[in-house]
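What follows is one structure encoded as structure tokens, with my remarks underneath.
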Amino acid sequence: MVKVYYNGDIKENVLAGKKVAVIGYGSQGHAHALNLKESGVDVIVGVRKGKSFAKAEEDGHQVFTVREAAEQADIVMVLLPDEQQQKVYEAEIKDGLQAGNSLVFAHGFNVHFHQIVPPADVDVFLVAPKGPGHLVRRTFEQGAGVPALFAIYQDVTGEAKDKALAYAKAIGGARAGVLETTFKEETETDLFGEQAVLCGGLTSLVKAGFETLTEAGYQPELAYFECLHELKLIVDLMYEEGLAGMRYSISDTAQWGDFVSGPRVVDEKVKESMKEVLKDIQNGTFAKEWIVENQVNRPRFNAINASENEHQIEVVGRKLREMMPFVKQGKKKEAVVAGAKN
């Protein structure tokens with residue numbers, strides 16, 4: 001069973017006298033920095049000049065360039081997009097690290113796949129809230145928190161675990177529970193969830209359902225509602241009560257259809273495909289492809305993205321969402337809270 005830590009399990013004053021640099025001020029960065037500050041941690045922000053720099057200053061932080069922040073800090077938390085981290089680390093972070101410092105991540109991709117090779121004389125650990133930045137911030141303000149993962153990659157000082165748990169506590173994670181894992185497990189499960197279920201699997205399922213209905217002659221607007229729009233209703237039930245709770249809340253007709261038709265759609269062949277996806281993650285194939293794609297300025301990524309944005313479900317969806325201003329209101333509120341992307 002996974003080991004879970006709560007506030008009472010974590011040593012006090014571990015971060016006292018230590019300066020934490022949050023690198024990046026996007027969705028996670030703004031939440032970490034504000035929560036750390038309000039927990040009494042000495043925190044600074046490192047970010048490139050621009051909107052994020054101005055927003056961090058507006059929020060009351062001491063803001064520096066990435067290089068300046070890394071040079072001052074005892075603990076450096078890297079909260080940049082995966083594809084930016086390696087270049088920024090090499091150019092602006094690495095030389096500022098001193099023996100006994102801590103290099104911290106919220107996702108293990110670059111360390112696990114050896115894009116970032118930390119110095120041998122620093123602690124390296126991971127603290128990953130299991131929720132977007134606006135939720136990390138909002139729950140903290142409410143006196144609660146979002147569960148988080150932590151993992152130790154390199155413990156030079158003998159204090160890496162204490163520092164990781166103290167950091168997780170300071171951003172509110174230990175109010176809900178901090179789960180112990182490894183860089184390998186966090187990275188591979190996170191990528192698999194994104195690719196096979198949450199993003200890749202789900203979008204492909206939605207499009208296939210939409211296309212099945214429209215190709216059979218049904219109106220695309222109805223297909224959109226049935227295969228995409230109403231998804232939120234079901235996901236919210238699953239999020240709050242699990243699969244059984246969702247099934248309790250839907251009609252018996254829908255539940256019977258779930259039981260008899262769901263396995264026909266997601267069958268053993270699909271599961272075998274999922275295993276292939278997992279294998280590509282585990283052996284580094286996916287990581288290599290993504291790294292190379294970024295090195296050549298993303299030709300496939302950009303082409304696929306442009307094509308997907310003009311799929312019929314998007315064209316229909318844009319029109320239908322104009323009929324539902326409440327959808328956009330929720331999006332605008334979240335964007336204001338989250339701040340800039342990086």
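The backbone N, Cα and C atoms fix where each Cβ goes, glycine too.
Annotated NADP(+)-binding residues in Swiss-Prot are Tyr25, Gly26, Ser27, Gln28, Arg48, Ser52, Asp82, Glu83, Gln84, Gln85, and among Gly108, Gly131, Gly133, Gly143 the one listed with them is Gly133.
Note: the CA-CA distance between Ser251 (substrate binding site) and Arg48 (NADP(+) binding site) rounds to 52 Å. Glu226 (Mg(2+) 2 binding site) sits 34 Å from His107 (active site), taking the Cα positions as reference. DSSP assigns Ser251 (substrate binding site) to coil in the three-state reduction, outside any helix or strand.
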